[in-house]
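Below is one structure, written out as structure tokens; comments come after it.
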Amino acid sequence: MTDEILLDVDFETPQFLVHHYYISGSISIIINTFVFYLLLFHKGKMDSFRYYMLAFQLTCSLCDIHLTFLMQPVTLFPMASGYCTGVLIKLIDVTPHFLMTILGFFVGYQVNVLNLCFLRKHQAIAKISNKYVLSEKVYNAIVLFFMTYTFNYVIPFYLAHLTKEEEYQIIDRNYPKLRHKFETLSNFDIFEFNIMIQLSVAMIMAGCMQSTITVSVLAFQMYQVLMQCKLNLSKSTLEKHKSALKSLVGQFMTTPIAILPAMLIVSTLFFPFKGTQVFTWIMLMVMTTHSSINCLVVIFTVPEFRAFVLFWTTAGKLQRHRKSVSFVSNSVGSTRTIRVSPRSSIL
């Protein structure tokens with residue numbers, strides 16, 4: 001790493017990045033709240049599976065709130081360092097490393113909750129043909145694995161934290177010309193590629209591979225069952241399962257928006273270039289859009305949600321017509337004709 005690249009690092013807080021955090025976070029809260037409303041009150045043909053989708057949306061929302069409001073990271077790359085400007089840093093005595101640990105937990109947990117959504121829908125579809133059905137013990141073991149795997153890389157990452165004395169030793173050894181700039185920061189952390197970080201990175205890579213393989217296998221098996229049994233299923237049941245599968249696959253396709261920018265940020269440590277810091281800021285801005293884009297995928301891949309949003313289309317008008325007919329039918333069905341016998345009347 002040349003001195004020219006190091007001296008190019010800006011220690012001033014980029015206001016455009018902070019403003020983006022607030023704007024992107026606000027949009028995320030609004031659109032996630034709307035999806036919560038759709039899942040709760042416009043479920044259509046969705047059964048209890050919608051609660052799994054709610055859990056996934058909740059983890060996405062928490063991740064965005066933490067990143068855009070509570071944390072607000074500012075990188076000092078190509079040095080493995082950064083600081084935060086979020087609410088938690090200002091209110092309580094926490095380190096950027098601790099906030100980074102929480103962010104890593106949320107990102108990993110939302111991927112595993114999405115895997116759980118695939119598993120839940122896989123079981124429902126597999127029971128149609130009694131093929132690929134998992135036993136209760138195997139199912140529970142996989143669920144436990146999904147819910148606990150995140151800790152396998154979060155704990156080592158947290159234990160990799162350095163003391164301030166150790167961090168200043170790294171600064172004096174590697175970046176002596178920048179020590180006075182680090183001293184002006186109210187908070188910062190430097191990361192060293194020690195054994196704990198190496199273990200955490202290895203577990204993250206293994207988790208990404210496991211998630212990709214798991215989702216691919218489950219999606220293929222679900223598609224296979226639906227194609228084999230499509231003649232034995234009613235049109236509405238088939239469409240319900242197909243739309244759920246499309247929605248899950250679409251949501252999984254958005255996960256690189258949260259993971260790939262982080263990987264590109266880390267890659268700049270090994271392949272630094274002039275303008276690295278601005279590049280990492282842009283990658284952080286991209287990460288904040290994941291939840292909002294995922295919400296759009298949910299809205300436009302679930303027929304009931306799409307028809308509700310596009311109310312002026314033929315599908316939207318048809319959905320409102322069906323609801324009005326259903327309401328009238330329920331009202332008529334609940335009406336009871338009461339006949340009063342003349343003998344029983346009291347004058």
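Placement of Cβ uses the backbone N, Cα and C atoms for every residue, glycine included.
Curation plays no part in TrEMBL annotations; they are all automatic predictions.
These come from TrEMBL:
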TRANSMEM  20-39  transmembrane segment
TRANSMEM  51-71  transmembrane segment
TRANSMEM  98-118  transmembrane segment
TRANSMEM  138-159  transmembrane segment
TRANSMEM  195-220  transmembrane segment
TRANSMEM  248-271  transmembrane segment
TRANSMEM  291-313  transmembrane segment
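Of the two recorded stretches, the transmembrane segment (98-118) lies close to the transmembrane segment (248-271), with three or more CB pairs under 8 Å once pairs fewer than 6 apart in sequence are set aside. Proximity of the transmembrane segment (138-159) to the transmembrane segment (51-71) is not established, fewer than 3 Cβ-Cβ distances being under 8 Å for residue pairs spaced 6 or more apart. Beyond its flanks by at least six residues, the transmembrane segment (291-313) meets 24, 27-28, 31-32, 34-35, 38, 42-46, 53, 57, 60-61, 63-64, 239, 243-244, 246-247, 250-251, 253-254, 257, 319-320 of its own chain at Cβ-Cβ distances under 8 Å. Here the transmembrane segment (195-220) does not touch the transmembrane segment (51-71). Their Cβ atoms form fewer than 3 pairs under 8 Å, with each pair 6 or more residues apart.
Long-range Cβ contacts of the transmembrane segment (248-271) within its own chain (Cβ-Cβ under 8 Å, at least 6 residues beyond either end) map to 56, 63, 75, 77-78, 80, 107, 110-111, 114, 117-118, 121, 208, 215, 219, 279-280, 283-284, 286-287, 289-290, 293-294, 297-298, 301.
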